[in-house]
């Protein structure tokens, strides 16, 4: 049977390869894509999503190979392995090549000897295939494959691997943990659990385990069902937020270059997938926030090409149902000093290189006053390769295009983006301003700008006057006892002022970008009220650093990492063990390294290191040497020492090891003084964004305040001269209001740093923490290289061994009885029951859930880290059943409601139709009656006229006259004339002469009476029936009406009206001729 199955697979491969090889067009090859029915294969999916490569027929080869094996064996290769582990296998296995670029094309495979032997045998192979299929059918389906049938809809069954969690190791020591991590790292399994804590080793390469298909695997499932993954931590935070209705916090820590920033990206990616916002553009905006902020806040250092030079706390906001509706960024301690100077082998912030390359390739360097030949001083490096990378490299240009797309998608206007580019270009031009000393008769320390090109370029981009800018750089105003004194700056002082302005421009611009992003991504209050929103915070902060030369920036960064480590220790060790003692729980205590004394040395008042630094910074005559002496006199502890025979240096024993700090520039960096002259000049800019940057106040953390006040309102303290165009303003007048410089001198970088730590901790302690510990396997940033010594150091100072012990022995979840019963009573009680929040009911719930190794304290339930997950899954199953029942009930109610509504609508339609038919019938009846009434009126009028003419004929026997009727050419008697006029219904006009004669007739009143009555006839009342034609006169007039309207009616002998007409007395024609005509008309 094995040979038969192999033959089927071989023949299938040959047939499909032959067809696919004939397709030359890309479109046809896409349609020829054949993938195994077991579509979970990650490699095929990842290949289809290779955006950097065009579609290639080699994808089909891979798919066809899997399909052929599946046809033969019933399962694709390695089907029993989890997709994550299968995706991390070595590149080549069996006969299939996993590397997309190394796969052969169909035409290459057709030339392979194994396939070439089948050329020209298509007909014979088809016949053999048909016979083989028939034989297999006769044998039975059970013998076709190893399974009953090919699993087209196979359910993946994964057995939990004990190696995924270090807590499950039988022996716990450093060597065992290191060997275990190395083994997993060699298999590219970079994630490992320590209970509910995730260890992430930086693979230094791209892995195909972060696609949307993997996001589906880590959605609301048990942690042990899948291998460890960063998505599992994000899902745990999301499920905890939805289940407990409580904010969550994911804390990512580790050294610089350990992969914290990339881990933060992946967590945001998975949370947006779980949130499933209805607004697709919102999800795209949130995903593009990190790349945009990191372009301005990250830089290349000696140990990391994308090092975070600021602290970032991203809060993703969700509705109570779990839909993402917005985001907010909090930024801390941007390393502004990097703008003006970088260490050897390091670079400035990414955005400077991106914008320079982008504008260069768009031929827009001239509008932004940037040179084409030599790079600006702020981004120039010692190896002089900056311009070469900008001109020839594609990376910077592609990143610039991506940043422009981020600006556009998030919602920045073109005017705002252009202002950002102008300010960045102005910073680069400001760095090129040089100063020279000039001597005069009275002053020898005055400075000037010998070459005004860079000065004019910077002033033009900042929309200020070059004279004003030069005066602010080369002199300063001091207000003393109401008098303004102008002091000139030396060359060194002017350089410091120039660099201070550049740092202030960049720092405030960065804060404005963050504030603008927050305003564009703030939640819609119409969707969810602010008090009902829930947050998942993600902390991505600069990692611990230890360079060859460490300065004030490294000191602040390492103090921040000390604070994060202290928070980890407190949450994992201290608070847990304190609750053991207070609740009377018998649990073995775990010893750990507490770094609280080091933090006290840094942060306590008034004798802490930062307080001493601020105190020394207030003395104008203080130097870096006096600072070191003050440290030595006041910091008397084992964590601080002064090395011998080394000047301006001190050492600190951090939790991560010993670090030596160079004190050169400490005081100046801590002061970070920005002269008021610069502030006032920049406020006069015609650039609205620049006005806003220097009119809004700074917060206690040193960031730009999000004030809604207009710029004009914030600049009311300016002198009147500043509001009158581009005229030169005297610096003495501008210094009358030095509130800004007074406020800035009061605040130092150390004070900003202290408040930043307080603000960060206040946000972290609100939520339930989830920890991700990033480990750097080597310092050379090489893939698949595991340095045991380097990893061992990181595991020791992060306390991984102690964490494993406390997770194995301790209880990470401590829940009050009341909260526990209210949350999980569905598992043991009916839904309508409200059990008491007692200890007995808590025990009943735990027993019903069949949990083990739990402990009850005095007021709390103590659970292992995996107990809460099990309870949540059970609760989710119960709620799912309730939801199903509710769905059926709501469906039945909806169907019944629909039927009633349908019957009501049908009845209403019948009523409307009935009313309409009645209305139409009444209108038709009304119209018919109206027509009958009009006909009756016309008939009655004709009868009266006929009776009048007949009476006139019998009364008047007079002479004939010439008839006045039109067309009547013979003479008639007056009676005949009147009759003729009445006959043609024109007696009012044609017989006027006759009627004029009748006025003199004594019988006129009796004759003319009917005529007058006809003219004054009142309309017939409604409902009155018209008179019937029951007289010969009516019939005669009826015939006359037909003649006058050119309608001839043929009367037969049986017609009633014809019978009536036969009885009418006609007037003989001879009487007309013999009648006297004595009264002519």
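A Cβ is built for glycine as well, from the same backbone N, Cα and C atoms used for every other residue.
From a predicted model like this one, the values you see are computed outputs, not experimental measurements.
For 254, 255, 256, 257, 258, 259, 260, 261, the entry in TrEMBL reads ATP binding site. Per TrEMBL, the feature domain 'Myosin motor' maps to 161-876. Per TrEMBL, the feature region 'Actin-binding' maps to 757-779.
Structure with TrEMBL features highlighted.
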| residue | record | Cβ contacts under 8 Å, 6 or more apart |
| --- | --- | --- |
| 254 | ATP binding site | 260, 543, 544, 773, 774, 775, 776, 794 |
| 255 | ATP binding site | 543, 544, 545, 656, 774, 776, 794 |
| 256 | ATP binding site | 301, 303, 304, 307, 542, 543, 544, 545 |
| 257 | ATP binding site | 202, 303, 304, 307, 543, 776, 779, 781 |
| 258 | ATP binding site | 200, 202, 543, 774, 775, 776, 794 |
| 259 | ATP binding site | 200, 202, 774, 776 |
| 261 | ATP binding site | 290, 294, 298, 306, 308, 540 |
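Residue 260 (ATP binding site) has a Cβ environment of 26 other Cβ atoms inside 10 Å. Taking the centroid of the Cβ atoms of 254, 255, 256, 257, 258, 259, 260, 261 as the ATP site, the other same-chain residues with Cβ within 8 Å of it are 202, 304, 543, 774, 776. Confidence in the region 'Actin-binding' (757-779), given as mean pLDDT, stands at 92.
Under DSSP, residues within the region 'Actin-binding' (757-779) fall into helix, strand and coil as 8 helix, 8 strand, 7 coil.
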